[in-house]
Amino acid sequence: MQTMTIKEAENVLKEIMNEEDDRFQLLMKDDRKGVQKLVLKWYKQKELEQKEKEKFFEMSKYENALREKGITYIAGIDEVGRGPLAGPVVTAAVVLPEDFYIPGLNDSKKLSEAKRERFYDEIKVQAIAIGVGIVSPQVIDDINIYQATKQAMLDAVANLSCTPQHLLIDAMKLPTPIPQTSIIKGDAKSVSISAASIIAKVTRDRMMKELGEKYPEYGFEQHMGYGTKQHLEAIEVHGVLDEHRKSFAPIKDMIQK
């Protein structure tokens, strides 16, 4: 075993699933520092995987409870973009299969952009159905952001390719006959809502990046329409766009000056 290089040991550890593996027992006895570091790394990785598995199982409790009642089509719903000064509010409704599993799934705001993009692609492949609802700044100004968010959520449900039997919604109640459960901080407590938050976030971010290309002086691709110092300074210099929400302060005050 001493003849195995560090690189070979690293590759072998990638194949090993549990401590009972004979190869693992041999590597445990290898006293080279490089090998022992790899063994420690393996333990940490397995610990992380176990925590992610437990977290995922905990986040599946709402879905599992409904499935035990014979409910199959469960739509998780979430929104992104209630707070920004520019751009639409975007919602997603996602129906997942019973065998859906993506370790590390969480509230989209807690994930790196790279992870969100990867999870977005995986959810697209695994989901039974995905619906997206987008409400423009003009409609937000007309009916207010709360009503616009509800409208976007209803649109997302309507855009599903199947009719959901139950809705799991992040902190909202919708005017629909479909049975629903409102969950505070649902994007961190339900896999379906978490998946919806990722679809909504990536969809909106891509739209704001396109807006950034159209209006490079505003830096939309950096702040996604939120009221950062950079964004407010750009509005002061270059003015208010159609994409801005005129009913939101401080834009409302700028227009009234």
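Backbone N, Cα and C define each Cβ position, glycine as well.
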Name the one residue among Asp142, Asp155, Asp170, Asp205 that Swiss-Prot lists for the same divalent metal cation site as Asp78, Glu79.
Asp170
Find, among the binding-site residues listed as Asp78, Asp170, the one whose Cβ has the highest number of other Cβ atoms within 10 Å in the structure shown.
Asp78
Could you list the residues of the same chain, at least six apart in sequence, whose Cβ is under 8 A from the Cβ of Glu79 (divalent metal cation binding site)?
Val89, Val90, Thr91, Thr149, Ala152, Met153, Asp170, Met172, Ala200
Mean pLDDT for the domain 'RNase H type-2' (72-257), rounded to an integer?
96
